[in-house]
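Copied over from Swiss-Prot:
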SIGNAL    1-22  signal peptide
BINDING   Asp257  Ca(2+) 2 binding site
CARBOHYD  Ser280  O-linked glycosylation site
CARBOHYD  Thr285  O-linked glycosylation site
CARBOHYD  Thr358  O-linked glycosylation site
CARBOHYD  Thr470  O-linked glycosylation site
CARBOHYD  Thr472  O-linked glycosylation site
DOMAIN    487-593  domain 'Cadherin 4'
CARBOHYD  Thr509  O-linked glycosylation site
CARBOHYD  Thr576  O-linked glycosylation site
CARBOHYD  Thr578  O-linked glycosylation site
CARBOHYD  Thr580  O-linked glycosylation site
MOD_RES   Tyr753  phosphotyrosine
MOD_RES   Tyr754  phosphotyrosine
MOD_RES   Tyr755  phosphotyrosine
COMPBIAS  755-767  compositional bias 'Acidic residues'
MOD_RES   Ser770  phosphoserine
MOD_RES   Ser793  phosphoserine
REGION    811-882  region 'Required for binding alpha, beta and gamma catenins'
MOD_RES   Ser838  phosphoserine
MOD_RES   Ser840  phosphoserine
MOD_RES   Ser846  phosphoserine
Amino acid sequence: MGPWSRSLSALLLLLQVSSWLCQEPEPCHPGFDAESYTFTVPRRHLERGRVLGRVNFEDCTGRQRTAYFSLDTRFKVGTDGVITVKRPLRFHNPQIHFLVYAWDSTYRKFSTKVTLNTVGHHHRPLPHQASVSGIQAELLTFPNSSSGLRRRKRDWVIPPISCPENEKGPFPKNLVQIKSNKDKEGKVFYSITGQGADTPPVGVFIIERETGWLKVTEPLDRERIATYTLFSHAVSSNGNAVEDPMEILITVTDQNDNKPEFTQEVFKGSVMEGALPGTSVMEVTATDADDDVNTYNAAIAYTILSQDPELPDKNMFTINRNTGVISVVTTGLDRESFPTYTLVVQAADLQGEGLSTTATAVITVTDTNDNPPVFNPTTYKGQVPEDEANVVITTLKVTDADAPSTPAWEAVYTILNDNGGQFVVTTNPVNNDGILKTAKGLDFEAKQQYILHVAVTNVVPFEVSLTTSTATVTVDVLDVNEAPIFVPPEKRVEVSEDFGVGQEITSYTAWEPDTFMEQKITYRIWRDTANWLEINPDTGAISTRAELDREDVEHVKNSTYTALIIATDNGSPVATGTGTLLLILSDVNDNAPIPEPRTLFFCERNPKPQVINIIDADLPPNTSPFTAELTHGASANWTIQYNDPTQESIILKPKMALEVGDYKINLKLMDNQNKDQVTTLEVGVCDCEGVAGVCKKAQPIEAGLQIPAILGILGGILALLILILLLLLFLRRRAVVKEPLLPPEDDTRDNVYYYDEEGGGEEDQDFDLSQLHRGLDARPEVTRNDVAPTLMSVPRYLPRPANPVEIGNFIDENLKAADTDPTAPPYDSLLVFDYEGSGSEAASLSSLNSSESDKDQDYDYLNEWGNRFKKLADMYGGGEDD
C-alpha cells in the first residue's frame, strides 16, 4: 500500500472517529412501550374491580401519570395504566380484544391493542417471574451520560428486578451487580438510596461499595411493601459523581402465604317463604391479601359445606363460586315448618384449591300473606249514648296464622255499609283486635239502631286467592237529654247606640231536639259584661236595661257588643245550650271632639309651633272636618291654624313673646255635625330657646306656699302661743294675795298653833344612810289644796353617790338646792320622812305656855334660821303694832 493509500485510510478513520464522537443520543419518542399487550385471566367470569394488567405510555415530559381511554366500556384504565373490570363480566369467547388510547403533550393520539385470554383450570400457566435464587444474577451498567438537558434513550429503562417474598436465606443474598464504564478510568465506588436503603425500612438492601453487588438482607413481605424504588450512585475516589443516578425498581413477587378472610363471622339474610328457584337471598364476601393480578393466590372460590336443617331438601340453597351470592335452588320453603336455615360456607384461594376459611350464613324465612284473618265470633252487639263521639262500642276478635307483628298478620278493618262515616274501627297493635268506635255523635231521634257489616284483611295483599272474613255488629243508640239548640248559634242584630232603655231589641230562642220529651226551656243571660241587657226567661225577648254606648272601649270591639245567652231545659239531668248575641251598634253623634295633647310647653325665646291632634270617638260623618276656635280671650296671646286639609289637627303658637309661667287656653272644637266642646289647654312657657322638649317646666307665675314656708309659719304660731301662755302664768302668779300663816296677835292667845311641818327631831351625827334613798328627788308628791301651784323652775338635785365618803358633799349641795327651791315647804306640801328616830325628845304639850308679854312675841330670831324661814321672818319679824 502506497503512502497515498495509507493517508486516505487514516483520513477515513479520523472522520469515522470524529463522527462517532459527535454523535448525539437518540431523542425520546412518545408512545406505548409495546404495540400490543396480552393478559391471561384464570376464569370466564370476572367480578367488578378485577385487575387485568397494566399498560405504559411515555410522553417524554416526565409526567408520572397519563390519561388513558378505551372504547370498550366494560373496562377502566387508570392514570397509572392499570386496567380493571368496571362491571361483572362473563366471557363468551376465549379472547377479548380492545384498544387503549393515550395522548402526548402535543395532543397526538396513540393506541395499543389489549388482548384478554382465558385458560382452563387444568392447564393454567403461571406467570414467569425471574428470581435471583439459583440463577446467575443480571449485570446492570450505567447508561452513557448525555450532555445538556436531553432525555436518555428508552432502551436505558431498567426492567424491574423480581425478588420472592418469604425467602429463607442465607442473607445477605445477591440480587444484581451494578457496573460503571468509568471503572476503567479509575476507582469507582457505588452506593444506593431510597426506600429500603437509607429510608424506612432502612437496611433491607445494601450494595458493596467497590464491587457494586446489590443485596437483600432479610426476607421480604409483599403484603407489607410490594415495590421498592432505589437509586444507584457511582462516584470516583475523589468524591465526584462519574454517573447520573440510575433508578432501580425491585418488585416483591407473591407467595400464597395468606388465607382468605370473610368480612363477617356471621352473615344474615332473609328470603320469603315459597320463593322460586333462582331467587337471590344474600351475598357473602371474603378477601385475600395475596396478589390477585399476577397470581392466583387471591383467586377465591366459594362453596357451601353444610345446611341445617336438611329439610325438605339437603340442597335448598346454592352459592355462586365466584361472587358468593347465595340463591334458592329448590322449592318448598315454608316459614311455619322451618323458619331459619344455617349454612356453613367456605372461601378458598387458588380457585378453591388453596388455603381456605369458613363462615356462617343464617337465612331467615320470612312470612308471606298466605293465611287470612278470620273473625271469631262473627256477630257482635253494642250500645252507645247519642251525641257522643269516640266512644268504644265493642271489640272485634280475629285470628291469623301468619307471623305475628308482620304486615301479613296485621289486620285492617273496613265497615262496608257506613256511608255517613259515623263509625270507625282501629286496630290494636298488640293483639290485632278491632276496636269499633263512633266517629261522630249519633242522633237517637233520627235513628235508634245501626246494623254494620265489617270486613277484615291484612296490611299486605294475599299471596294467593283467599276468602275475606266478615262480621255483623248491631249498635243500639241510647236516648239522652240533649241541650236546647239556638238557631242561629250566633245572632247579629243592628241597633243604634241611643236605643231607648227598657225597649225590646230582639227575640233569641232555642229549640228542643228531644222530640220525645215534653220539656220547658228557660232563658237567661250568661255573659253581659256591661250589664246593658235583660231577657225574658220564658220568651227569650231581649231588651235594654241601661244606655248603650258604642264608644265604650272596654266592652265594645269594632262597634260590636257580645253577649252570651243560655237556654236550660227541665230534663233529667238538666241540659243547657248556649247562643251568642252580637249587637252591632250604629253610631250617633254623642261625643264632641277633644284635643290631644292637652298639656304643651313652649320656649320663651324663639318658640316653635306645637301640633295638636283633634280626636273624636264617633264615626264618620260625625267626625272631621273639625272647626277650631280660641275663646275667652285666648286669641290675644295665641293663634291657631289647621295643619292638614281634613282639619284633623291644628298648629298652636304664641302671637308674641310671653313671660315664663303657666297659661290656660280655652279651645273650642266642633265636629262636622256641629257637636262642640270647650277644652282648657295647660300651656307652660319655659326659660329656654327653640324646642320646648329640651327645657324644664317654668315656675308658676302665681306665688304659692311651699312646704318649708308652711312649716315655718306653723312654727312661728306655736312659739307665739307658748309665749302667751307663759305670760298668762306669770300674771296669774303676780295676782296671788299672800295670806298670813297665823292669825293676828289678838287672836293668838289661848290657841293651839297648827304647823304644816313636823320636824324630825334634833340634829344628830348618827344617821342612817339607807333612809336617804335618792335624796330630794324621792320626796313624795303631796299637793296643797289651799293654794294653787304656780309654774316655776325647779333646782337640780344631785343623785346619791355610790361612794359613802362623798355623802357629806351630797347633803350640803342638796341642802343649798332645797333652800332656794320655791316649791319647798311650807308652800308646796308636807314633808314625809321614812325614818323619824327611835323616840322623841320634845317635851309634853302641857309644858307649853301661852306668851302674854311682847317679849314672848319677838320673832326676830327667825332671821337666824336661814333661808328656809326667811318668808316666815318677813311676815312676823320686825313689824310695828298698828
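Backbone N, Cα and C atoms are what each Cβ position is placed from, and that goes for glycine too.
Feature annotations (Swiss-Prot) mapped to structure.
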| residue | record | Cβ contacts under 8 Å, 6 or more apart |
| --- | --- | --- |
| Asp257 | Ca(2+) 2 binding site | Glu165, Asn166, Glu223, Asp290 |
| Ser280 | O-linked glycosylation site | Val325, Ile326, Ser327 |
| Thr285 | O-linked glycosylation site | Phe262, Thr263, Gln264, Gly324 |
| Thr358 | O-linked glycosylation site | Phe262, Leu305, Val344, Val345, Gln346, Ala347 |
| Thr470 | O-linked glycosylation site | Phe375, Thr378, Leu416, His453, Val454, Ala455, Val456 |
| Thr472 | O-linked glycosylation site | Thr378, Thr379, Tyr380, Ile451, Leu452, His453, Val454 |
| Thr509 | O-linked glycosylation site | Phe486, Val487, Ile521, Tyr523, Thr539, Gly540, Ala567 |
| Thr576 | O-linked glycosylation site | Ala483, Pro484, Ile566, Ala567, Thr568, Asp569 |
| Thr578 | O-linked glycosylation site | Phe486, Trp526, Leu564, Ile565, Ile566, Ala567 |
| Thr580 | O-linked glycosylation site | Pro489, Glu490, Lys491, Thr562, Ala563, Leu564, Ile565 |
The correct three-state DSSP answer for Thr285 (O-linked glycosylation site) is coil
Reduced to three DSSP states, the domain 'Cadherin 4' (487-593) has 0 helix, 47 strand, 60 coil
